[in-house]
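Residues or ranges marked as signal peptide in Swiss-Prot (evidence: sequence analysis): 1-26. The N-linked glycosylation site annotation in Swiss-Prot covers ASN72, ASN78, ASN89, ASN145, ASN150, ASN324, ASN424, ASN582, ASN632, ASN661 and rests on sequence analysis. Per Swiss-Prot, the feature repeat 'LRR 3' maps to 119-142. The annotation disulfide bond is assigned in Swiss-Prot to CYS256-CYS316, CYS700-CYS714. According to Swiss-Prot, the domain 'GAIN-B' annotation covers 574-730. Taken from Swiss-Prot, the feature region 'GPS' covers 681-730, and the record attributes it to sequence analysis. Per Swiss-Prot, the feature topological domain 'Cytoplasmic' maps to 764-783, 831-858, 918-982, 1033-1367. Look at Swiss-Prot and you will find 938-958, 1126-1156, 1221-1271, 1339-1367 tagged as region 'Disordered'. Per Swiss-Prot, the feature compositional bias 'Polar residues' maps to 938-949, 1224-1241, 1344-1353.
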Amino acid sequence: MSGPCVRIPFWVRVFLLLLLYRIAAGCPELFSSGCSCTEDRSKAHPTPGTRRKVSCGGKELTETPEVSLLPNRTVSLNLSNNRIRMLKNGSFAGLSSLEKLDLRNNLISTIMPGAFLGLTALRKLDLSSNRIGCLTPEMFQGLTNLTKLNISGNIFSSLDPNVFMELHSLKLVNFHSEFLSCDCGLRWVPSFFRSGSARLGDETLCAYPRRLQNKPLRLLRESDLSCEGPLELHTLSLLPSQRQVVFKGDRLPFHCTASLVDKITALHWRQNGQPVTSDPTKGIHLEESVQHDCTFITSELILSNVHVEASGEWECVVSTGRGNTSCSVEIVVLENSASFCPEQKVNNNRGEFRWPRTLAGITSYQHCLQLRYPSLTLGGGVEQKKASRNCDRSGRWEEADYSQCLYTNDITRILHTFILMPVNASNAVTLAHQVRSYTLEAAGFTDTVDVLYVAQMMHKFMDYVTELRELSEVLVEMGSNLMQVDDQILARAQREERACSSIVYTLETLAWPQLHSHAQDLSRYSRNIVMEAHLIRPAHFTGISCTVYQRREGAAGSQVHDGADLSLEQQLRFRCTTGTHNTSLNAFHLKNAVALATVSLPATLFPPNAPPDCKLQFVAFRNGRFFPFTSNFTGHSDLARRRGISTPVIYAGLDGCSMWNQSDPIIVSLRHTSPGHDPVAAHWNSQALGHHGSWSLDGCQLIHSDVSISTLRCSVLSNYAVLQEIPDFPGSPSIPVEVLHPVIYTCTAVLLLCLFTIIITYILHHSSIRITRKSWHTLLNTSFHVAMTSAVFAGGITLTGYPIVCQAVGIVLHYSSLSTLLWIGVSARVIYKEALLRTPQQLEGESAVQPTQRPMLRFYLIAGGVPLIICGITAAVNINNYGDNIPYCWLVWQPSFGAFYIPAGLIILVTWIYFLCTVFCLRQRNFQESKDLQCSASDPSNLPESQPALSGSTSLLSTDSGVSPVHAGTTVEDQYSLKVQCLALMATQFVFVGLWCCGAMAVWHVDRERKLFSCLYGGTATGLGIFLVLHHCFKRLDVQAAWLGCCPGYHRSQPMPAYSHPCTVTVGVQSASERGSQLFVACHPPTDPNHYSSSARSSSTQSGTASITVVPSKLTNLLQVSQDNANNASRAPAGTNTNTSTSTENNKPTNNLLPSLLPVQQPQRRKACSRTKGGNTQYHHRGDARSHYRLKALRAGGGGSMGALGPSGTEHSNIYHVHKHASSENGSLRNSHSEGQNGLLTNGRHRGEGLATSPSEGSDGGSSGSRKPFPLLPSVARRAAMQQNAQCRSASKDNLKLAAAAERESKRSSFPLNMSSNVTATASLSTVSAPNGTLKGSVVELDTSGTDQSQGSVGMKSRVWKSETTV
């Protein structure tokens, strides 16, 4: 079945036929080969009919087309993008008209001579992007008219100078190549193109050497084209290139390819550095080297039967006339059953290396630790260093090679850099000082190579000691610093590299080059090493004695003052005298000096035939660390056990002569520096044990020894020491601890006693001390942190000999100092908030916003958390910031700025901002109060004579006392006013800062300045402690009461508190009748306003329960009351009442009946009809006669009684009542023994001060529940409303209404007597009590019961009139 036929339009058929005819008519011979032929339509030739352009590009031709097939007039031939490999001789013969030949992008590698013959008209030839390696002048024969030649992109690396000799018309040439080497082989290029008409194209760039890479060749000069420098080959490869692991018997071929540099270039093979030759018996077949395209040379090596011996490095070596180079590959030949080396982790001074599980016979490589500044390769990349480790055939790790890796320790790496530096006379002193600066930290050396590198540098510097005398001083200091290195590290350095022997040799020969006729003496001092050298004449030698000594520490005769180097006192020194003297170390004649060793050389030291000049040198070492016990004693192996050097080591040596064998012995005395027993005399034999050195007992004899000094007699010149047996369990070496001045310890103890007195008192008597909850917390924490700071300072500031303890002391001091300042700041904020909430703006009627409750934990997070964070960060960054190389346990200087001084300054600044704000609030409040008093005085209300005012006590006898002016003072929940609290806190901060500064100066300074600041510290500490304990304990009445309450006989001896308790201060001047008629019922006298501003409750409680308690309001002897009132009125000035009672209760301002939680804004009316029910009573009424008699006394002594029913309008005019809330922060009202004595109402308030909200209820605290206001009588409620609307209004009408209400109340009450109306009102409101001790007659039942155990409540438990003295 055939598909549908597609019909081609007729006109399309005609067009195709015409096209084919046209092609066939132009070049019919090329139609079968796929080439195309077109006419040349260039303007230069107006007759294009005879000129042809043939294009055979991209036709996959493998050779050039036959010339006979091309048109005769072919002017352009395109053979690009084919696969032509060779141009034969005469390939284009006959194309005499050809002007352009394009042969680019082929595979041409060979051009035979005469390939372009006959192309006399050729102008452009493109041979780019082929594989031409050899170019000769014969290749371009016949191209006489060629103007443009492009041979770029081929594989040649250089060109023959005569290559373009046949091209006479050449104008432009390009021969860029990726292998083009711009060296001496192309030195002809600049002159050739400069002298001829040809031009080198800009595309011709250099590829090699690297210094000329990508630079245009035409811009280079002949001097740039040189063959100097290392040989760089554009090609050098070895296959296989990676490490090969093969088994025994395998076949392994190698193929090496290299650049053909010159005619003598050759390839050779090596195995493990040994030449390899062809040996068929061993399976080694080596082929001859072959050259390719005049560019490459190759060689092949075949291992037909690999043996185990073939393991190792196989290397292909390229030898040229300009040098040799090579590449290699590692071959590992394994047995058929191979083992493995286990995985292993190694930590050393080069870093941490993890060697993996490796097959036996394999070398494993690990990258070195990358440092901050890695080295760069010549190519610009990062040079990756490696460590190697071989796993032997038995499956065991060999020693690794870490030489290419850098040291991880900074000091070690720097010392290694010094080793690599060249030393000469110009830089020797500079390098020596730099090395010496790094040896200052020798105590922290942890590697033996540190000691080794310093020893090697000292040996290098010895070559320049003669011309640079300063070097000897630096070398002695280097050796002295190295004696601080740990004993074990020095011992290992001696065993491994004999580093200690090298150092000792350098020091003991240091003076020889510097002694001559013009410099006959040399002395060098340091802390641990001292050297003395002399040029002597043996013929005149009479003996010499040299003593090593040092200054006593802190000697009075020391000349070292502030600013001088204190280490000069501890330097070792020599004192030499001529003649032989038996100098005793204990009787050393220099004042304030300690002799450590002495050596006496006899007069017969030199033989008779000694040379005329001789050099004598003494060297003393403070200890024997440079002379470790690397092995047993020479000749006395049994004495080497558990022995150590217990004395300094002193050396005596000669240069240029020797000791006479018949000389008298040398006498050496040495002082013991460590305990031990069984001493032996020894000298150091540097030649023993293969020049490692050892102590020898031959030649020295111990002639005397005691606890402190040993004397030796030796017959050889050497290093001398005394060896003692070390105990089996030696005690830890005692580290000297610097002791502060005794006044610091004494006065710190006084300060701690005072502070802990405060802390213990406020903790044990928490519920008895009237202080806000926040103030209680801040006071205890401030005291505790001040105690911590002073105790840690006195006990640990000088413990620098114990690094860990010293760091802990520094951290604790840092924390406690900042925390103390923060707690003082928190206290300042608390006072400021309290002052802010008592400003007149809120007292005059602004509605107080109910604050939200906030926990006390925030204070601890600020005052304790912030210092903890600062200290933690400081210690985490570098724990050595505390007590590192400083004589006290504190922060080092530079980190202390950001970690302590700046935060401390900010804390003090913020604290003083709070202080200033508090002062501003208090000044504003005092100004408003003075204005209120002036307003009250400008509109007085006349009191009738029948109402002599009882001042603040007037309202105590009425139920509307919540709106009466009962000494409306501030209800600060502290005995001190805000002003006193603020001033005390300022003084505390100032004295603490002074205490801290004096302590710091006492530690920092020395001698007299230290004593001065120690005394200042003691005085400041004592003053701070006394001030705090006086202010917070002795001057507080509640603290006194709490202390006295601890005495067993205090309650039984305390007098009745209710006999004479004057109440409040009357504003203005009172008449005699008014003062004499005042009746004070169980209230306290007003005193100095700055002294008493107690609240009706304590805020230090944790309870949230509000219990209403009152003080005993019992009336006792009325006559006594009248007499006391008359006496008080006569003694006290107008407006002031003075207390005369000795009871503690009388010294506390209380408020007997005024509810402290009474709001004025919403006065509530409530009928007071509750009565106290019957209960157990201890006292009963004694009859109406006695009560009637008391009533007469009351009338006779009290005058009119209506004044007691209500205050005047003047007293009401300037009183502000603010609702008081109990909260979890400021404490709750509670029924406790401590509060029973003071009751719920405060009588001791200042005139004109409102019942301000405590700071605890401010923004820092919240209400836990509002108290319900006490109910008021109707007249009282109306009067309260009138007081809010008009402050300066007469209250006489209100007083009459209040009296009437009181009279009705008295009739209703259970008063035992039927008195007249004017007396009944007073008594019924004040003295009616129930058998259970509750006052009745007011709208609130007030509890007056108490026990003997109560501190402040010594009230009666019966009715008011019982148990009274009858007058």
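Placed from the backbone N, Cα and C atoms, the Cβ positions cover glycine too.
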All-chain count of other Cβ atoms within 10 Å of ASN661 (N-linked glycosylation site): 7
Cα distance (Å, whole number) from ASN78 (N-linked glycosylation site) to ASN145 (N-linked glycosylation site): 19
Which same-chain residues, if any, lie at least 6 apart from CYS714 (disulfide bond) yet have Cβ under 8 Å of it: PRO665, ILE666, VAL668, ALA681, HIS683, GLY699, CYS700, GLN701, TYR720
Neighbour-count leader, CB within 10 A, glycosylation sites: ASN89, ASN150, ASN424: ASN150
Close in space, distant in sequence - ASN324 (N-linked glycosylation site), Cβ under 8 Å, 6 or more apart: LEU231, VAL317, VAL318
For the topological domain 'Cytoplasmic' (764-783), the mean pLDDT of the predicted model: 90
Under 8 Å by Cβ from CYS316 (disulfide bond), counting only residues of that chain that are 6 or more apart: LEU238, PHE254, CYS256, ALA258, LEU267, HIS268, TRP269, SER299, SER326, CYS327, SER328
Sparsest Cβ surroundings (other CB atoms within 10 Å) among the glycosylation sites ASN72, ASN78, ASN145: ASN72
ASN89 (N-linked glycosylation site) versus glycosylation sites ASN150, ASN424, ASN661 - nearest by Cα: ASN150
Distance [Cα-Cα, Å, rounded] between ASN150 (N-linked glycosylation site) and ASN78 (N-linked glycosylation site): 15
DSSP-derived structure type at CYS714 (disulfide bond), helix or strand or else coil: strand
Length of the line joining the Cα atoms of ASN424 (N-linked glycosylation site) and ASN72 (N-linked glycosylation site), in Å: 82
For CYS256 (disulfide bond): DSSP state (helix, strand, coil): strand
C-alpha spacing of ASN661 (N-linked glycosylation site) relative to ASN72 (N-linked glycosylation site), in angstrom: 118
Helix, strand or coil at ASN324 (N-linked glycosylation site) [DSSP, three-state]: strand
Number of other Cβ atoms within 10 Å of the Cβ of CYS256 (disulfide bond) across all protein chains: 24
